[in-house]
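I have placed the structure first, in the form of structure tokens, so that the comments after it can refer back to it.
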Amino acid sequence: MSLTAVLASGFALRFAVPTLLPHISHSLAATPQISTPIDSFRSIREAVYFLQNGMDAYDGGLVHHPPLLVAIFRVLSELLGPWSEVAFNFLFAAVDVGVAIKLTNLNRWYNQHQSKKTKSQFTAFSDALVASLYLFNPLMVLTNWAHSTQPISYFLIVESIAQVLVDKNAYRGAISLAVASYLSYSPLYLLFPLLALTYMASGRGSWGREVVVQCSAIFVASLSMLMLLSFALTASQDFVFQCYWPVMSFSKIAPNMGLWWYLFTEMFDFFTPLYKGIFNLYSFVFIVPLTIRLYEPASSPKIGDSFLAMVLCCLWVSFTKPYPVVGDLGFILSMLPIFKNTVIPRTKFLPLTMLMLIVCLLLAPIFYYCWIVLGNGNSNFFYSMNLVWAGVHVLLFLDLIWGRLVYDYVQINQVKDTESIRLTQM
């Protein structure tokens, strides 16, 4: 199947189903595995309704989307009237197709880059296959059908990476990441690995440092401009306390696939501020050392993988964020085929990780139903699957790091018989 056919099929799947069966989007939007209060499309509907009736959208604690995003959906709703639902289906389908296209571009770039580094000829997966693994990933399809705003963030993140590596325009990459950070806060943690990618792609040296400084300034300026426009639009700073403060303070406790909600439900109030600070620190404390460890040094061009560092940082953010959805991990899994020739052949636990993932995805909705609907279970049932979900992240994280370290060892020592090599981490 050609790339065009895959893209068309993926678009049709995302557009036709919610258009013909609109109740699917409403049902999925109420599912904690797929949508949270922070990224829910129902929250945008509430905001649009408030604004159309002359009320403050951020008075009441129901809306957690930034003002500019709400304004865009309000304009579409007023312009298109009864056709707005169809337009929203089209928009979210187009966003996911855009992500798939960017992933195919990154797949080609990465394998060409690694071939040049190692002076070997790598054969990458076809563009159609890479796009298929994203567009027909059930986790991504469900997230898209729920109209969660997370796919917009995925597009902006992958766009920022593609701008730096493929299009060689680091400035647009910084702007894309700034917009992603404005929409959902968590992409803010990806600034450091993106700057490392920028420095590597710019040829290092004094020019590379200058580009990094300029990109940092553009990121800050873009994010500041978005915040100022939001303030001008609402004439209030309330949106800050409704859009970003709940993510940092976890003030809106709701069951989801993350680790935060259960702990802070059971914790004494006296300890809550301390552990909220620790959890926020834990969300980004490993980003910098991970990026530095996997950076591609000019002195040893065969080792390191700054692109893998970016992917691992995305995985870490998915693991530690307070309001995750299944699409966060699905987005990471869709990028793994890019590492066909480097990391994936040297991983150890991918079959075990995939089995854990399948068990978690099957049992999480069942346990949630037993707890909330039937009442014959309790929160421990559902949270046990959250722990398994976290275990999937940890196993995948460690496995990918180990695969890259083994690959670097093989390159440095020019090991020929890679099938029988046995390495132990000391």
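Here the Cβ of each residue, glycine as well, is placed from N, Cα and C on the backbone.
Positions annotated as signal peptide by TrEMBL: 1-16. Residues or ranges marked as transmembrane segment in TrEMBL: 86-103, 124-146, 174-199, 211-232, 244-265, 277-295, 307-333, 354-374, 386-407.
Two recorded stretches are said to be in contact when at least 3 C-beta pairs lie under 8 angstroms, sequence spacing 6 or more; the transmembrane segment (124-146) and the transmembrane segment (307-333) meet this definition. The stretch with the most CB contacts under 8 Å to the transmembrane segment (174-199), chosen from 86-103, 244-265, 354-374, 386-407, is 244-265.
If you look at the transmembrane segment (386-407) against the transmembrane segment (86-103), you find fewer than three C-beta pairs under 8 angstroms, all six or more positions apart, and that falls short of contact.
Within the same chain, residues 6-7, 10-11, 14-15, 18-19, 41, 73, 76, 80, 130-131, 134-135, 140, 144, 147, 151-152, 154-155, 158-159, 161-162, 331, 334-335, 338 sit at least 6 positions outside the transmembrane segment (86-103) and bring their C-beta atoms closer than 8 Å to a C-beta of that stretch.
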